[in-house]
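Heads up: the structure comes next, in structure tokens.
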Amino acid sequence: MAREWPMTHPSNHPMDHHHQTLQAHLASQGADADCAAVIEALADAARELARQIAIAPLSGIDEGAATVNTDGDIQKALDIVADNLMREALRRAPVAGILSEEGDRPETVNEAAPLCVAIDPLDGSSNLQNNISVGTIFSIRPRGRDVLSSFFEPGTAQRAAGFFVYGPQTCLVLAIDRRVDLYVLHPTLHEFILAKSGIRIPQDTPEFAINASNRRHWSGAVRNYVDECLSGAAGPRGRDFNMRWIASLVAEAYRILMRGGVFLYPADSRPGYREGRLRLVYEAHPMALIMEWAGGSASSGRARILELSARSPHQRAPLIMGDVRLVRDVDMLHEGVEPLFETSDAPLFARRGLFR
């Protein structure tokens, strides 16, 4: 039976309303039963993963020997723990196949099941020793003619998407049925409780997030955008911008949802980065769905992320996401730019700007 829990204010005075559990809210909103079962399975795994992350400095699991996964990324002991927890939970749900960052190819679970899940079990694990928020990112999509091809459909095929954040609070941001909701894990009830429904990205926030240390590798279009922001009120944009960079995709996305602004992880000229660095299927696609259903946008700089299809399970893509107008500004600077990467003094980029 779906449950509702009375909440208690930190002052120990009861609040004047009830907050629904994840299970109760999904049921009350008429969510598809199969999608709901997958989301609840992921929430079960996230509860245990949050516990293990919280005690990692005491258990030593965050100091385990690092290996390299099939995609060439450093894999910590907690990455493997997270992957195992998520897979075990999903095997009990109506899931045909699982594509994880930690595996080479999709795992077939039950070919007769209706859904497939793409997942980054522990995004940003390198941040753990610095006590920075990390997360789990997931995409739920219908099973196609076979498990592998299901993950090669465009992002518009997704039925739901979301991410867990393991930080000051453990929370779930969930995009389902064209809305985005926030749930927080109650520390004593051990339930994900609805905290905010129908999230909309605040508009016109003058903030951008990018790793500025890579400036020398950026395309001229990205350099021009950042330079115009940094020029402040005296520059072509006529206002002062703040710059953010947490180096945690889930934390950056959460901030965008709460505060607005734009996040950029563009392609750059380094080997292995020319098609972007984030994975399309289990990072860019789910983030794009969340952004769009919260009234924002997500682009590669040249195309809508949700219209892109992967050619391989771990294909990478650039990601620019956030406020519709700010994302559009970045896109406009990319229009007609071929090739994308030029020397910093190329005449095209010396002249081209959004306002000139």
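Note: Cβ is positioned from N, Cα and C throughout, glycine not excepted.
Feature list (source: Swiss-Prot):
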type    : residues                               : note
REGION  : 1-26                                   : region 'Disordered'
BINDING : Glu101, Asp120, Leu122                 : Mg(2+) 1 binding site
BINDING : Asp120, Asp123, Glu283                 : Mg(2+) 2 binding site
BINDING : Asp123, Gly124, Ser125, Ser126, Asn211 : substrate binding site
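Overlay of Swiss-Prot feature records on the structure.
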residue	record	DSSP class
Glu101	Mg(2+) 1 binding site	coil
Asp120	Mg(2+) 1 binding site	strand
Ser125	substrate binding site	helix
Asn211	substrate binding site	coil
Glu283	Mg(2+) 2 binding site	helix
* Asked: Cβ-Cβ under 8 Å from Leu122 (Mg(2+) 1 binding site), same chain, 6 or more residues apart: which ones?
  -> Leu49, Leu78, Asp79, Val81, Ala82, Asp83, Val134, Gly135, Thr136
* C-alpha spacing of Glu101 (Mg(2+) 1 binding site) relative to Ser125 (substrate binding site), in angstrom -> 12
* Could you round the CA separation between Asp120 (Mg(2+) 1 binding site) and Asn211 (substrate binding site) to a whole angstrom and send it over? => 21
* Whole-number Å distance between the CA of Asn211 (substrate binding site) and the CA of Glu283 (Mg(2+) 2 binding site)? -> 18
* Asked: Who sits close to Gly124 (substrate binding site): which same-chain residues at least 6 apart have their Cβ under 8 Å from its Cβ?
  -> Ile132, Ser133, Val134, Gly135, Ala247, Ser248, Leu249, Val250, Ala251
* Near-site residues: Mg(2+) 2, ref Asp120, Asp123, Glu283, CB cutoff 8 A to centroid -> Glu101, Ile119, Gly124, Gly135, Thr136, Ile137, Phe163, Leu249, Val250, Leu278, Arg279, Tyr282
* Asked: When you measure from the Cβ of Glu283 (Mg(2+) 2 binding site), which residues in the chain that are at least 6 apart have a Cβ under 8 Å away?
  -> Asp120, Asp123, Ile137, Leu249, Leu319
